[in-house]
Amino acid sequence: MPLRAKVATSVSRTAAALSRAAGRGDGSVIGGWIGLKIDPDLLKNLAAGRAIALVSGTNGKTTTTRFAAAALGVLGPVATNSFGANMPTGHTSALAKAGATPFAVLEVDEHYLARVIDETTPRVVALLNLSRDQLDRAKEVAMMAQMWRTALAAHPDVHVVANADDPMVVWAAVNTAHVVWFSAGQRWHDDSFVCPECGSPIERANGDWRCTGCPLRRPQAQWTVEDDGVIDPRGDWHLVKLQLPGHVNLGNAATALAVAAEFGVRPIEAVPRLAGVASVAGRYAQVERDGRNIRLLLAKNPASWLEAFDMAEVAPTLLSINARDPDGFDTSWLYDVDFSPLRGRQVLITGDRAYDLAVRLEVNDVAFRHVQTFDEAVRASPPGRLEVIANYTAFQDIRAELDRVN
Ligand SMILES: [Zn+2]
């Protein structure tokens, strides 16, 4: 590595460590920022000589990154940005901190994918899905697909692992030379009603889809989920036992196995490592309190709310909604989500914008009770499982509350 990069790496590590010591988070953003100030090519320099996988998409990228890093661990030490700092500052910091590792798996914010591909020259890029985040609308989803498509066209050597069930992802990846398709399902269809190629309606039936106006259609997937396992490209079925709940995470596991296979890792070696992942940045964490088994699920946009309902057991459920800066100030997205799966469950609501949620649940005919605090929610639910589904800052609030007591 050039001397400038060495100095920048060392300063970056120190800054991150100081920030952690001062109790200001994990320090990865500030560490990366300072490193890049000293050496603007630092990410490129740190990436050189490593075999890298990038994971991007609107939902599931933190979990899939964690699974893929666990799977690649079969081959040797893996650098990863496991705390979700998914912009170039976070990547720089993660690689600086890891020291010399032969492999890296990096979660990448979808807006930064083109730049991070340019700077890290990855061996593999995994594309999970594209849907609206907060108040972004379908037009921006199509723009994102176009950015991905352009980025991949500029890097024909990259091996792409892409979701066959998402028309936006397929369109972004379909012209690449090396592509492996996985099927992880797509619960949310509202951002891919029309074809990104020609604008005609997309027709769906039994998990298949095709454009009614041009040849774009669902490709045959080589990696699929069946029952509680994953089928690999040879047709072998592997039982996948996970600690993380839901069909969604089985899809994330299939994606991770497909990524690892691009590095030569066989599913039979990788599968046991996936079972070791218990929670991801606090998500899915389970906490015992007063006889309640509380499980935390993060839901940050309409598609991930649908996934959370799928993961949650039929059990008392606390919903918490805030509308602070990281969440977006406008809560009209609540009307994009169908809350009817919660009918018949004991539903409690809280958070800064609980009343917005109350109106939405009323319209959706879901009975609920408003509670002022998390404590009150715990007292209001019977012993046993309490599912907590919260958006971003509401999730952080509840985590802080649980950390304080436990
Ligand atoms: Zn079309």
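First residue shown is number 1, and so on along the chain.
The backbone N, Cα and C atoms fix where each Cβ goes, and this holds for glycine too.
Caution: TrEMBL annotation is automatic and unverified by curators.
Here TrEMBL flags ASP330 as active site. For CYS195, CYS198, CYS211, CYS214, the entry in TrEMBL reads Zn(2+) binding site. If you look up TrEMBL, you'll see 55-260 marked as domain 'Mur ligase central'.
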> CYS211 (Zn(2+) binding site) to ASP330 (active site): how many Å between their Cα atoms?
Replying inline: 33
> Rounded to a whole number, how many Å is the Cα of CYS214 (Zn(2+) binding site) away from the Cα of ASP330 (active site)?
Replying inline: 37
>> Please report the distance from the Cα of ASP330 (active site) to the Cα of CYS198 (Zn(2+) binding site), rounded to the nearest angstrom.
In response: 32
>> Out of the recorded positions I have (CYS195, CYS198, CYS211, ASP330), which ones have their Cβ sitting under 6 Å from ligand 1?
In response: CYS195, CYS198, CYS211
> Fewest other CB within 10 angstroms, which one of the binding-site residues CYS195, CYS198, CYS211?
Replying inline: CYS198
> Does DSSP give CYS214 (Zn(2+) binding site) helix, strand or coil?
Replying inline: coil
>> Taking 8 Å from the centroid of the Cβ atoms of CYS195, CYS198, CYS211, CYS214 as the cut-off, which other residues in that chain fall inside it around the Zn(2+) site?
In response: PRO196, GLU197, GLY199, SER200, ILE202, THR212, GLY213, PRO215, LEU216
>> Around the C-beta of CYS214 (Zn(2+) binding site), how many further C-beta atoms are within 10 angstroms, looking at every protein chain?
In response: 12
> When you measure from the Cβ of ASP330 (active site), how many other Cβ atoms are you left with inside 10 Å?
Replying inline: 11
> In DSSP terms, helix, strand or coil for CYS198 (Zn(2+) binding site)?
Replying inline: coil
